[in-house]
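Inspection log for the structure reproduced underneath, given as structure tokens.
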Amino acid sequence: MVNQSTCKMALSKIDAIDTDIEHIDQEKYLRQATQYYCALEKPLKYGPVVETLPDLISALHREFESNYVNIEMVNHLMLSYKSNPKEWRKYAKFDRYTYTRNLVDAGNGRFNLLILCWGEGHSSSVHDHADSHCFMKMLKGELREKRYRYPNRATSSEDQQQHQQQQQQHEHGEINDHELQEIGDTPIPVNDVAYINDNLGLHRVENPSHADTAVSLHLYCPPFDTCSIFQDNGKKATAKVTFWSKYGVRTKPTEQ
């Protein structure tokens, strides 16, 4: 559970970021906001209601038209939408052997909205999000999110001191050779939204069911083409981000 007083302080810090809309760099602002943002637990009391997936997509485009993105409103929109299989079924493409990433909307290059399809027992590797925001909403079934501390990443004054000590002991850029430290294990039921960024840690997402599939809706902002994946001993590697399908159509290897 995220400390709410910490979140309130975080929001005040976001407000303190330069918000001169004419001059602000949207991508830079969004990456700055990952240092402070830690998510809503429920929709905003007076926020707009999103009734359909097309409405959600339109509302997201409006939010990202401005260089200054209200990330709290983006969070609200993801929470407000209620899953309707008739709306998202055409994007839901499954693979027998692995979970799939299916592009729903490219967000004019400012965000990516995807549907991920998880077969029975499918899971991701432990990964980061390239200093972007990740919102994950359950549309069908239930997933589990296992969260881990980000190795060698300073996220508080205490962590910064530990980080400096670690840097003295290891070569520049090398991840500590020890097991990843798990800091959370949370189920995500239908219509709930999980949020993560690199300041909050790494995660592995899995479908624990061996009888039912699962479907989730993901928003990434800014979009990213690569991320880091982590082994249990903390070693990391760079992975290319690809799409199994785009707009409901299976992609060719050259289009991914």
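For all residues, glycine too, the Cβ spot is worked out from N, Cα and C.
Taken from TrEMBL, the feature Fe cation binding site applies to H127, H129, H203.
Taken from TrEMBL, the feature region 'Disordered' applies to 153-173.
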For H127 (Fe cation binding site): intrachain residues, at least 6 apart, with Cβ closer than 8 Å: L202, H203, R204, C227, S228, I229, F230, A239
For the Fe cation site built from H127, H129, H203, further residues of that chain with CB within 8 A of the site's CB center: S124, V126, D128, C134, I196, D198, L202, R204, C227
